[in-house]
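Notes for the one structure printed next.
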Amino acid sequence: MLFLLSELSGTLTPLNVFRYITFRTGGALFTAGFFVFWFGPWIISLLRLRQGKGQPIREDGPATHLTKRGTPTMGGLMILAGAVVSILLWTNPRNHYVWVTLAVTLGFGAIGFYDDYLKVTKQSHKGFSGRFRLLLEFAIAGAACLLISIYSPAGLQNQLAFPVFKDALLNLGWFWVPFAAFVIVGAGNAVNITDGLDGLAIVPVMIACGTFGVIAYLVGNSFTAGYLQVNYVRDTGELAVVCGAVIGAGLGFLWFNAPPAQIFMGDTGSLALGGLLGAIAVAAKHEIVLAIVGGLFVLEIMSVIIQVASFKLTGKRVFRMAPIHHHFEQKGWKEPQVVIRFWIIAVILALVGLATLKLR
């Protein structure tokens, strides 16, 4: 919204600053962070009052987790509120990619909210039907990908770009929309599964958002895209502002989610943030790079898939417990060790992902 002030720069020259993506990204980060930090205590108190027993804790999980009983969930509401307010304030309201990304984020957030609501009210780990949940996610992601395909440059519609290889594009044709929808749904559920320890998911999400904020900015600028020899995707630079807002909201949330957590993100936040990352990667034509940058999330969801498949096929478990962060807890790692070491992995993978921009 503030972007529109730049149109008055002919009369008031200082207003031209609102034209710059870098300035608005910084503004979005600060605004979202301040919003969550300021309203966080009130939201936590309200959720604690409404939820009573809070998020149910797995009885078969690590014994140390039993002390977390009574901690409220749905903290994703804090993140989404701060991020959305900031995004609406600082982005260009005429940008299609911003609205599509917001739709995915809020749609996935609504699904996660309902799932959290059922878990809290029933005091059970089972929300609503997994198949129905996936159906809703694919419906939202499919519609978003169809719009992204329409808004994409003519030469890049339905194309899958490969990192490192110059001008390497694979025309997926009609299959691109379901493929891209799978990327978004997969990202949403991968982040959702990662969110099992205090601070474990939110920091890698912020790292991934920072990385894709840079990627979106570079591929959305014709000069930098040409210099790096990557595909120029017009208007995606505005998604850097979205990433800035999410990072700010994430920092505000981390203040309250740092161990011992005062609130959990819940499916409300994790599903929404994962969907957001997937949507940005799809819009910027860097779907494969998302698997690198978000490699930690891939590892987490693959550990669950492997565990379930192995048990059904052989009756044996590969890991002591899945997702894999619980496996390391069962091996004797303390929760802070698991969290910080996984953060380190996330930073390394983000750097590798950024390096693919230069390697051509």
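Just so it is clear, glycine is given a Cβ too, placed from its N, Cα and C backbone atoms.
For the transmembrane segment (27-47), the residues of the chain that approach it from at least six positions outside its boundaries are 2, 72-75, 77-79, 81-83, 85-87, 89-91, 241-242, 244-249, 251-253, 255-256, 262-263, judged by C-beta separation under 8 angstroms. The feature transmembrane segment is assigned by Swiss-Prot to 27-47 (among others).
The feature transmembrane segment is assigned by Swiss-Prot to 70-90 (among others), with sequence analysis given as support. Residues 1-3, 24-25, 27-29, 31-33, 35-36, 39-40, 43-44, 47-48, 51, 53-55, 98, 102, 105-106, 109, 112-113, 116-117, 119-120, 202, 241-242, 244-246, 248-250, 252-253, 256-257, 261-273 of the same chain sit 6 or more residues outside the transmembrane segment (70-90) yet have a Cβ under 8 Å from a Cβ within it.
Annotated transmembrane segment per Swiss-Prot: 98-118 (among others), in sequence order.
Residues or ranges marked as transmembrane segment in Swiss-Prot: 134-154 (among others). Within its own chain, the transmembrane segment (134-154) has Cβ neighbours under 8 Å at 96-97, 100-101, 103-104, 107-108, 111, 176-178, 180-182, 184-185, 188-189, 232-235, 271, 275, 278-279, 282-283, 285, counting only residues six or more beyond its boundaries.
The transmembrane segment annotation in Swiss-Prot covers 168-188 (among others). Tertiary proximity for the transmembrane segment (168-188) is limited to same-chain residues at least six positions away from its ends with a CB under 8 Å from its CB atoms, namely 104, 108, 134, 137-138, 141-142, 144-146, 148-149, 156-162, 231, 270-272, 274-275, 277-279, 281-282, 287, 290, 294, 297, 301.
Summarising the annotation, Swiss-Prot assigns transmembrane segment to 199-219 (among others). Within the chain carrying the transmembrane segment (199-219), a Cβ under 8 angstroms from the stretch's Cβ atoms is held by residues 21-22, 25, 79, 191, 225, 228, 230-233, 236-240, 242-244, 246-247, 250-251, 253-254, 257-259, 261, 265, 269-270, 273-274, 276-277, 280-281, 283-286, 289-290, 293-294, 296-297, 325, 338-339, 342-343, 346-347, 350, 353-354, 357, all 6 or more beyond its ends.
Marked as transmembrane segment by Swiss-Prot: 239-259 (among others).
According to Swiss-Prot, the transmembrane segment annotation covers 263-283 (among others).
As annotated by Swiss-Prot, transmembrane segment applies to 288-308 (among others).
For 337-357 (among others), the entry in Swiss-Prot reads transmembrane segment, with the evidence type sequence analysis.
Ranking 98-118, 239-259, 337-357 by CB pairs under 8 A with the transmembrane segment (288-308) puts 337-357 at the top.
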